[in-house]
C-alpha cells in the first residue's frame, strides 16, 4: 500500500504540471482547456487518496474531503471534453447545469470544512478506512464516484451516436469499461485496494485516450497509427446543398435567427431539418467557418447598422437586440471583427456624416 500511496502523490503532482503545461502551450483550444481541467481534478483525487490512506492527512487536516466537490466536476468535465472533440466547441448555458451537483456537494460538506483543526483530526482518528462508515458524507463521495462512471458511459453513448466520425474515440473508451466496472466494484463493497488500482488504471486509460486523440501526434507515429482524418465519410452526401444554403441565408436575413441569444448549433439544425453534424460540416467545409463565427458575423453587421441609424440608442440595448447577452461579450466580438470598439465605430460614423 505504501507504493500505491507514493504513486498517488506522484501522479497528483504530475497531473498538475501537465495541466499547466497544456494551458500555456501556444494554440490552446477548448478541448485542451477542458482536458487540463480534467487533469487538475484527477490530481486532487490522487492527492487526497494518497494523503488519507498514508495518514499524512493528519498533518494537513484542512484538506479533509477537499476531493468531494471535484468528484462531481470530474465527470461533467470529461463528458464536455468528449463532446468538444467529437462535435466541436459548441457549449451553451444549459451546460452549466452540470455544476449543480458540485455546488450541492460543497453545501453539504461546508459544516465539515468549517470545523476546527482539532475537530477534524478527532474525526479522522476515529475512521476505519477498510470498513468505512462515514455517514451521509461518505455516501455523497460514493455518489460522486458513481457519477464519474455514469458520465463515462454518457461520453461513450455520445461518441457511439456520432457514428464513423467518432469511431476511434468510441473504441478507446469502450476498452476502458472493465476498469470502470472494477472501480465501481471496489467502491460499492468498500475494498480500498481495488479502488486504488481501479483509479490508477482509469487515469492511465484517460491519459492514453488523450494522447491518441492528438491529430498527427508523435504518439500516433510511434504506435504506427494513421492520423485521425477530419471526416471519414461526408454527412452531406445526397443533400441539396444549394437549397440548404438558401434556407440558411433566409433564416439569418429574413427571420433574423441570429438575434436569439440562446441560438445553438442544435437549435439551428432543427430549424433546417438537419442533424447537428450535418450543419457543422456544412459550415466548416462549404462555408469555411464555424457556428459561432457565422452567427456573430450577422450580429455584428446588424449592430453596425443600428449604431449609425439610432445614435441615441445605448450600446447595451443594441447588444441585446442583435443577440448578445452582455455588453462585454458584444464589445469583445465587435472589436475582434472590426478592429475597433462599438463606441469608436459610432463616433467614426458620426464624424463622416458631419463632414
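Placement of Cβ uses the backbone N, Cα and C atoms for every residue, glycine included.
Unlike curated entries, TrEMBL annotations are predicted automatically.
What TrEMBL says about this one:
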TRANSMEM  6-26  transmembrane segment
TRANSMEM  33-52  transmembrane segment
TRANSMEM  64-84  transmembrane segment
TRANSMEM  96-116  transmembrane segment
TRANSMEM  136-154  transmembrane segment
TRANSMEM  170-188  transmembrane segment
TRANSMEM  194-213  transmembrane segment
DOMAIN    242-348  domain 'HTH araC/xylS-type'
Maximum Cβ pairs under 8 Å to the transmembrane segment (33-52) - stretch from the list 6-26, 136-154, 194-213: 6-26
Range from 96-116, 136-154, 194-213 with most C-beta pairs under 8 A to the transmembrane segment (6-26): 194-213
So, by DSSP, how many helix, strand and coil residues make up the domain 'HTH araC/xylS-type' (242-348)? 79 helix, 0 strand, 28 coil
Would you mind giving the whole-number mean pLDDT across the domain 'HTH araC/xylS-type' (242-348)? 90
